[in-house]
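Have a look at the structure below, then the notes.
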């Protein structure tokens, strides 16, 4: 009898096909739907009820059981509280990374093991290899959809208990499988944005949890150009929503956010998409979460991404200094954002990553 695998069923096409592929390979397959957010019952946040119905319909079609579990408290404590605290500091967090680390490959994994699973599986576009109790992470075949950026913080031990069934396929192939099988999710749109915000405007959502502190918008030369609604609403490189067009004695070039001074609550902007203040030669990151044995090989020349879907950028990682690493790039990088993550690669292997703490201009 093949191993028992519990698949995280999101109600989307990727996890639907992942479950089918595992069943085709002879595994004992069961599904599990996680509810991670409580406040979607009375408003327009994540359509959890619709997703659950789709997950149940797919499991019925595949003739596999579906478990449900509520991780809302774990999500609030381990992901959302961090999300809010980072925004309060004027930084731009990435909750998807923490959700994978704390919920999908921790709370879900432990719950599945308690249900008798040998492995969990998800619909992530990624690959892994397993050596004993350690798993190694690799890019998916579909480079456009590769999600290793969001998986870099998962523990190697958790990766050794994980199967990524769709890592060797492209998104169009997955859609075609689902269509041929007649799965109800075959034409369902991919989810985008931060899950707990749903269709709600980001500014409206944040205002429900954090008190906004308006302040001055200044040019890099120190001239006051207007007022911002609160530093938490802006990210480096942002162009839209600044409300400072048509200023006297300025060109028609668009304005971009180039810096945030938390101490003075000032938003700094500059004109032109190629303004030097938009670019950085490097960054300082926190402790690196390693997924491969490179910790003792620093300084290390490798590749990195500072945001999802960015082309890999050549860089050098310094040895740690008070748990911080200096990362210098071969060419200047645009709009590196503190609070986001830098993720390191060597060819197709994901080496790990860290939180971006500071920019080096």
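Quick reminder: no glycine exception, Cβ is built from N, Cα and C everywhere.
What Swiss-Prot says about this protein:
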BINDING   8, 9, 10, 11, 12, 13, 14, 15, 34, 123  ATP binding site
ACT_SITE  99  active site, nucleophile
DISULFID  99-195  disulfide bond
SITE      124  site 'Interaction with tRNA'
ACT_SITE  195  active site, cysteine persulfide intermediate
SITE      340  site 'Interaction with tRNA'
Alpha-carbon spacing, residue 99 (active site, nucleophile) to residue 34 (ATP binding site), which is rounded to whole Å: 12
Just report the maximum Cα pair distance in Å for the recorded ATP binders 8, 9, 10, 11, 12, 13, 14, 15, 34, 123, no decimals. 16
Per DSSP, to which secondary structure element type does residue 340 (site 'Interaction with tRNA') belong, with helix, strand and coil as the options? strand
Near residue 124 (site 'Interaction with tRNA') (Cα-Cα within 10 Å), the binding-site residues in question, chosen from 10, 12, 14, 34, are 14
To the nearest Å, how far is the Cα of residue 12 (ATP binding site) from the Cα of residue 340 (site 'Interaction with tRNA')? 26
Nearest-integer angstrom distance between the alpha carbons (Cα) of residue 8 (ATP binding site) and residue 340 (site 'Interaction with tRNA'): 26
So what sits near residue 10 (ATP binding site) in its own chain, CB-to-CB under 8 Å and at least six residues off in sequence? 33, 51, 55, 123, 191
What is the Cβ neighbour count of the residue listed as 'active site, nucleophile' at a 10 Å cut-off, with all protein chains included? 26
Protein Cβ atoms within 10 Å of residue 8 (ATP binding site), excluding its own: 24
Could you tell me the C-alpha distance between residue 34 (ATP binding site) and residue 340 (site 'Interaction with tRNA') in angstrom, no decimals? 25
